[in-house]
Amino acid sequence: MEGLRSLDKPKVIFVLGGPGAGKGTQCSKIVERFQFEHLSAGDLLRAERAREGSEYGALIDEYIRDGKIVPVEVTCSLLENAMKKSANNRFLVDGFPRNQDNLDGWNRQMSDKVDFQFVLFFDCPEDVCVDRCLTRGQSGSGRLDDNIESLKKRIETYNNDSMPIIKYFEEMGKVEKIDAKYNADDIFTKVEKIFCKSGFQ
């Protein structure tokens, strides 16, 4: 019976990488090619914050305003609700877990409810990330944090908080690392190989 139940669990892949590593671009290609659903923790929080009558809206607002990471229980609940509502059974969770607290919360709340596959890690040199984000900002991305001061802070947070999470999964043999300094199509060729090798068609 146990085996049957695990077949029904949603398959989850974490997508991690620094600001500007190309996570969003690659996620949309994976969605198109392998029929995954893309769940961005940040987008879910922003949507919940804007939703009328949200039980979490004011709380999320306060944390985002203070530049703090929203409590992991809230993020996990939003991810879980999105999975339950979806007709899909394959999910890319983008930009999460971001730090040790996120990981602990996920392990407490979600790890036995999903079939975790691996971390897709876009490893991109800092200078390339900065260039991409600044170009994106200049071309009107509408993202307030695509400027050099915010970027320095985001990269520092990523190095201090997110890299240890990637190392943790690496030690478990659960990281597929991709050199993300190339153009989007070349990167996707590598992504495609990883997904096919992992049994996704």
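The backbone N, Cα and C atoms fix where each Cβ goes, glycine too.
What TrEMBL records for this protein:
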type	residues	note
BINDING	GLY20, ALA21, GLY22, LYS23, GLY24, THR25, ARG136, TYR182	ATP binding site
REGION	40-70	region 'NMPbind'
BINDING	ARG46, LYS68, ILE69, VAL70, GLY95, PHE96, PRO97, ARG98, ARG143, ARG154	ribonucleoside 5'-phosphate binding site
BINDING	ASN102	CMP binding site
(message) Quick check for you: of the binding-site residues GLY22, LYS23, GLY24, ARG46, ILE69, TYR182, which have their Cα within 10 Å of the Cα of the residue listed as 'CMP binding site'?
(response) ILE69
(message) Which sequence-distant residues neighbour the region 'NMPbind' (40-70)? Criterion: at least 6 residues beyond either end, Cβ under 8 Å.
(response) 24, 27, 77-79, 82, 93-96, 98-99, 101-102
(message) Is it possible to list how many residues within the region 'NMPbind' (40-70) are helical, extended or coil according to DSSP?
(response) 19 helix, 1 strand, 11 coil
(request) Starting from each candidate's C-beta and looking 10 angstroms out, tell me which of the binding-site residues ALA21, ILE69 has the most other C-beta atoms. (result) ALA21
(request) Counting Cβ neighbours within 10 Å across all chains shown, tell me which of the binding-site residues GLY20, GLY22, GLY24, PRO97 comes out on top. (result) PRO97
(request) Return the member of ALA21, LYS23, THR25, ARG136, TYR182 nearest to PRO97 (ribonucleoside 5'-phosphate binding site) in space, with distance defined Cα to Cα and candidates limited to these binding-site residues. (result) LYS23
(request) Determine, to the nearest whole angstrom, how far the Cα atom of GLY22 (ATP binding site) is from the Cα atom of ILE69 (ribonucleoside 5'-phosphate binding site). (result) 22
